[in-house]
Amino acid sequence: MVKLPPLSLYIHIPWCVQKCPYCDFNSHALKGEVPHDDYVQHLLNDLDNDVAYAQGREVKTIFIGGGTPSLLSGPAMQTLLDGVRARLPLAADAEITMEANPGTVEADRFVDYQRAGVNRISIGVQSFSEEKLKRLGRIHGPQEAKRAAKLASGLGLRSFNLDLMHGLPDQSLEEALGDLRQAIELNPPHLSWYQLTIEPNTLFGSRPPVLPDDDALWDIFEQGHQLLTAAGYQQYETSAYAKPGYQCQHNLNYWRFGDYIGIGCGAHGKVTFPDGRILRTTKTRHPRGFMQGRYLESQRDVEATDKPFEFFMNRFRLLEAAPRVEFIAYTGLCEDVIRPQLDEAIAQGYLTECADYWQITEHGKLFLNSLLELFLAE
């Protein structure tokens, strides 16, 4: 018998006003109106099929991602979250996050979302530079980003996050730090600060822009990290910074190899069973197929040989120590199966080990891919 990990719920809203050239998420440019009521009903039907996966557990966190969830109307959000509460037991202090694009933010709608149960908003700012926002294909300007942050702050939500990117096309060190300073000035409890990466199957993938070189990227990261630390933010994951007590609980559950039910277009799920079986689910990507009632695209059991890599893949993105008991409890494997890999990781200086946990080192963070490759199945 394995210990069932904490459970989260991910809900995907697939539409955007327009597709950004760097984005490889499952998002679809909107043609006409959002089918609010129909899509919400399909989401709840999809959840009905998966509700047994909860296995009596409370849902600790909900994350509504996209696409652009802030295109959903207030009443539709109310129906959606009421429907979730009717089907699943929510923890009394459940964190309920939704993503918002500053270009789609309306004060009344934010209030409606809060009334529906949303207590944390993640705002996709990306940059405060008009020129950089245009290059990124964003539909908002710097002032709209600041207005959205101030609106979120004024609602008295449990928390809000600003998403910010660095390493943008032709971005100088001073421009990157300028973005960070403006974000810090808005005093978000949480900041996600991540490097732009060029993904295949995107506009940038087919026509790559000129990005800062590795030396410039390192300077941006190093000085940006110092700026955030001085402002009271603690880094707890590769790209995540928070004031004390404001870490994103939903993402922490992903990174700690927790379980999550995924509903909506292209949503992924991971479910553990008492016998140690781990099931991964993927939902139909395209809204057309999904809204014809074809919700499940595929599902597969995680092979025992793949479990160590899957456990460590996200665990080692976190700066906190990884408890050794969790590896055994959440994978159903004993440590003996990875002892040679652990010894190699320790010998390479990637990890330290004590009686209770493994801790990734500074060297391990720099060579994270090399560390993870040790745990890949032969």
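Quick reminder: no glycine exception, Cβ is built from N, Cα and C everywhere.
For reference, Swiss-Prot has these:
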BINDING   Y10, G66, E99  S-adenosyl-L-methionine 1 binding site
BINDING   C16, C20, C23  [4Fe-4S] cluster binding site
BINDING   G67, T68, Q126, R138, D163  S-adenosyl-L-methionine 2 binding site
DOMAIN    1-237  domain 'Radical SAM core'
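Projection of Swiss-Prot feature records onto the structure.
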| residue | record | CB count, 10 Å |
| --- | --- | --- |
| Y10 | S-adenosyl-L-methionine 1 binding site | 20 |
| C20 | [4Fe-4S] cluster binding site | 20 |
| C23 | [4Fe-4S] cluster binding site | 16 |
| G66 | S-adenosyl-L-methionine 1 binding site | 25 |
| G67 | S-adenosyl-L-methionine 2 binding site | 26 |
| T68 | S-adenosyl-L-methionine 2 binding site | 23 |
| E99 | S-adenosyl-L-methionine 1 binding site | 19 |
| Q126 | S-adenosyl-L-methionine 2 binding site | 26 |
| R138 | S-adenosyl-L-methionine 2 binding site | 23 |
| D163 | S-adenosyl-L-methionine 2 binding site | 19 |
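With respect to G67 (S-adenosyl-L-methionine 2 binding site), the closest of these binding-site residues in Cα terms is C16, chosen from Y10, C16, C20, C23. Cα separation, R138 (S-adenosyl-L-methionine 2 binding site) to C20 ([4Fe-4S] cluster binding site), rounded: 6 Å. Q126 (S-adenosyl-L-methionine 2 binding site) sits 16 Å from C16 ([4Fe-4S] cluster binding site), taking the C-alpha atoms as the reference points. Counting only residues at least six positions away in the same chain, the Cβ atoms of S27, H28, A29, L30, G66, G67, T68, L71, N101 sit under 8 Å from the Cβ of C16 ([4Fe-4S] cluster binding site). With respect to their backbone Cα atoms, E99 (S-adenosyl-L-methionine 1 binding site) and D163 (S-adenosyl-L-methionine 2 binding site) stand 10 Å from each other. Annotation note: C20 ([4Fe-4S] cluster binding site) sits in a coil segment as assigned by DSSP. In the three-state DSSP classification, T68 (S-adenosyl-L-methionine 2 binding site) falls within coil. Rounded to a whole value, the Cα-Cα separation of D163 (S-adenosyl-L-methionine 2 binding site) and C23 ([4Fe-4S] cluster binding site) is 14 Å. Computed over the domain 'Radical SAM core' (1-237), the whole-number mean pLDDT of the model equals 93.
Of the recorded residues, Y10 (S-adenosyl-L-methionine 1 binding site) and C20 ([4Fe-4S] cluster binding site) place their C-alpha atoms 22 Å from one another. Residues C16, C20, C23, E99, N101, G124 surround the recorded S-adenosyl-L-methionine 2 site, their Cβ atoms falling within 8 Å of the Cβ centroid of G67, T68, Q126, R138, D163, which are themselves excluded. Those same-chain residues not listed among Y10, G66, E99 yet with C-beta within 8 angstroms of the centroid of the S-adenosyl-L-methionine 1 site C-beta atoms are I11, H12, I13, F63, I64, G65, G67, P69, M98.
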